[in-house]
Amino acid sequence: MQVVEGENKEGRKEDGEERVDEVVEEDQEGEKLDLEKGPVGAVVVEDSKGLERFEDERDHFHVSMLQRLNPTNPLRIVINGGTRVATPSPSQSSRFQPTPPPPRSQPRSTPTPQPSMTTLNSRRFTNKLALLLYLVHKVAAIALVCFLIFKGIQGLIDGSNPAKRKEERVLKYLLPQVEAASLLSITLAFAWQKALREWPQIMVYFILWCTFFMSLSAGILLICFQKPATDGVGVCFIAFAIGNGLYACWVSQRVGFCYKVLLKSLEPVDKFRDLNQPAYWMLGAGFLWMSLWILAVVGALNFYYPALVIIALLLSLCWTTEVMRNVVNLTVSRVIALYYLRGMQSNTQFCFQRALTRNLGSACLGSLFVPAIEAMRIIARGLNLLEGEDEFMFSCAHCCLNVMQSIFRYGNGWAYVQIAAYGKGFVRASQDTWALFEREEMEPIVDSDMMSAICFLTGVCSGSICVIVVAAWTAKVHQPFTATISLLAFFIGYLMTRIAMALPHACVSCYYVCYAENPENRLFDKTIKERLELIKAGRDVVVPTPRVPRRFTR
């Protein structure tokens, strides 16, 4: 840019040329010049030809251009490549110099696309195929329940039907006990949850040993009836009680760490007063569905193949209640995960609606496979317990356990946190979550976590209490139904309690997963970090899987 600055009408040609040369040298040195605050009378020359013409004309006369800059007619700066060109106002260009040719238009640079980050507000539906399968199943189940209820009513109205007397006995001696078991299980569910939130340290020990005594008591009570059916069910309860007692002794060293994690993970619950509302809604819906379900069971007695129909109804009930539990799990997980990851206080109702719509497919898929995967994993660990060096029948124990560990990476209960927070599919969320645990070397901690076992034992304890109450009641009014009603009461008590216990389970899962994602978050203390350091140093080893002594394997 070249600027010629006139001083007065009588200026000499030599002075003007010296000033032009000085300005040219300043432009070559790259000094910046503020055009709006510069001296009065600045004239802009756009090219070298205009400068030569101006020097020839100045031999005859000198013209002084005294124009002031004002807000209505400012100088405009046009950026063209790396050159800064000053464009004079229209009055200046008409009086002094012809306008230069417009600069060549340069193509706009296209910004480089950045990799998309995982959003916390994904709008896509996850696992659509599983969602479609569940909806089809649910429509079929509702149609079957309605049809069986109609058949039951038809059998009661038709006086000549031989099944009428049987249905009347079932309605009289089975329906009240089942409804009572449902109400009792809902009461126990909220009692367990409230007690666990208020006294976590005491309740961990209490649940371990209360389940042992209650299942043992239920088994002994059923054996006392001295019926083949009740004896078989009672033996199953006693066998489970023995295994429960052994487990309680085995995990006694983990209880302290479990209590610390549970206490810390339940701290955000007090910030969300309505966090328990999804559990209320799901338990209410579960009670209504079970009431219709038991009427359908009564109607199945007046239909073809009643045993197969009742088994199909039972499987449908298990899947439905498991989906209800995972809907509560997803709702609580989203609320707590967003609090840990972003410090947000989310709307519980919005998270509940999201779990019922966009993430329902993942809840359906997880409800179908996670219990089966965890059960097979427990069986593989049981085989590993019996492994001996010289035993051929247990030579594949390690292989089975490794296979189950591989499957566990593609489907586990920890995935619900990332499903709720990021809207991922079930399999991808399982892989990403386990990759986070491997990155932070947290596999020994999460693999030995007790919270899932505590929630499971709580359901078993509620089911055992329901069995004790209902079995004593039924034995008094109609003893032949004792074994059947005991099994129904146990399943109802277990399933309803698991729905309510989804809240503390989700809180603990969020604590582990969110810590693995960002260990430096100020909301986390040093509980997990110190535990990892002790494990690495060999001073606090996670309880290993016990082996049968060698002398017993020979």
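Every residue number used here counts from 1 along the chain in the order it is shown.
Including glycine, each Cβ sits where the backbone N, Cα and C put it.
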Among 173-190, 335-352, 479-496, where does TrEMBL put the label transmembrane segment?
479-496
Quick test of your reading of TrEMBL: among 304-324, 367-387, where does it put transmembrane segment?
304-324
Same-chain residue ranges lying at least 6 outside the transmembrane segment (204-226) that approach it to Cβ under 8 Å:
192, 195-196, 233-241, 244-245, 247-248, 251, 255, 258-259, 262, 450, 454, 457-458, 460-461, 464-465, 467-468, 471-472, 475, 479, 482-483, 486, 490
